[in-house]
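What follows is a short report on a single structure.
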Amino acid sequence: MADQLTEEQIAEFKEAFSLFDKDGNGNITTKELGTVMRSLGQNPTEGELQDMINEVDADGNGTIDFPEFLTMMARKMKDTDSEEEIREAFKVFDKDGNGFISAAELRHVMTNPGEKLTDEEVDEMIREADIDGDGQVNYEEFVKMMTSK
């Protein structure tokens, strides 16, 4: 997971980590974790912080070393990227910005050059994604469709 980070990201994370490793022993306390992550532009909730700490702090001693921290940040960034990509994709389909993708909007995008789908295929896509049966796809339905592989 951490091997997907760039050298620049690793350097940035090391700098932030070092700022909070007050005694220079290579560990930060769980209390400091939230501050570190916020300094890097992440905004985890208390619950998310606790989950991350529990996942990473294998020996339960309440501290996190740098390799564990890198793994955790790589996971957090991957999740954020995915969410943003899905949100951007939703906006592409939701032409009128009303929070729903209608069959007409989907048809417009999917019948552009390179995507040639028939009306039947477009209707089938809507039916598969349309969990509440209202004939269009809302954001939650879109997320489910995009993440269920």
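Using the three backbone atoms N, Cα and C, a Cβ is placed for every residue, glycine included.
Marked as Ca(2+) 1 binding site by Swiss-Prot: Asp21, Asp23, Asn25, Asn27, Glu32. Per Swiss-Prot, Ca(2+) 2 binding site is recorded for Asp57, Asp59, Asn61, Thr63, Glu68. The Ca(2+) 3 binding site annotation in Swiss-Prot covers Asp94, Asp96, Asn98, Glu105 and is backed by sequence analysis. Residues or ranges marked as Ca(2+) 4 binding site by Swiss-Prot: Asp130, Asp132, Asp134, Gln136, Glu141. According to Swiss-Prot, the domain 'EF-hand 1' annotation covers 8-43. Under the heading domain 'EF-hand 2', Swiss-Prot lists 44-79. According to Swiss-Prot, the feature domain 'EF-hand 3' maps to 81-116, an assignment based on sequence analysis. Per Swiss-Prot, the feature N-acetylalanine maps to Ala2; the stated evidence is similarity to another entry. Marked as N6,N6,N6-trimethyllysine by Swiss-Prot on the basis of similarity to another entry: Lys116.
Separation of the C-alpha atoms of Asp21 (Ca(2+) 1 binding site) and Thr63 (Ca(2+) 2 binding site): 10 Å, rounded to the nearest whole number. Cα spacing between Glu105 (Ca(2+) 3 binding site) and Gln136 (Ca(2+) 4 binding site): 10 Å, rounded to the nearest whole number. For Asp23 (Ca(2+) 1 binding site), the nearest of the binding-site residues by C-alpha distance turns out to be Asn61; the candidates were Asp57, Asp59, Asn61, Asp132, Glu141.
Cβ proximity to the Ca(2+) 1 site centre (mean Cβ of Asp21, Asp23, Asn25, Asn27, Glu32, cutoff 8 Å) flags the following additional same-chain residues: Phe20, Lys22, Gly24, Gly26, Ile28, Thr29, Thr63. For the pair Asp134 (Ca(2+) 4 binding site) and Thr63 (Ca(2+) 2 binding site), the C-alpha distance works out to 49 angstrom.
Note: the Ca(2+) 3 site is recorded as Asp94, Asp96, Asn98, Glu105; in the same chain, Phe93, Lys95, Gly97, Gly99, Phe100, Ile101, Ser102 also have Cβ atoms within 8 Å of that site's Cβ centroid.
Between the CA atoms of Glu68 (Ca(2+) 2 binding site) and Asn27 (Ca(2+) 1 binding site) there is a gap of 10 Å. Spatially close to Glu32 (Ca(2+) 1 binding site) yet at least six residues away along the chain are Phe20, judged by Cβ distances under 8 angstroms. Taking the centre of the Cβ atoms of Asp130, Asp132, Asp134, Gln136, Glu141 as the Ca(2+) 4 site, the nearby residues of that chain (Cβ within 8 Å, site residues left out) are Phe100, Ile126, Ala129, Ile131, Gly133, Gly135, Val137, Asn138.
Listed in sequence order, Thr30, Thr63, Ile64, Glu68 are the same-chain residues at least 6 apart in sequence whose CB falls under 8 Å from the CB of Asp57 (Ca(2+) 2 binding site).
Cα-Cα distance from Asn61 (Ca(2+) 2 binding site) to Asn27 (Ca(2+) 1 binding site): 10 Å (rounded to the nearest whole number). Shown are the binding-site residues Asp21, Asp59, Asp134; the one with the most C-beta atoms within 10 angstroms of its own C-beta is Asp21.
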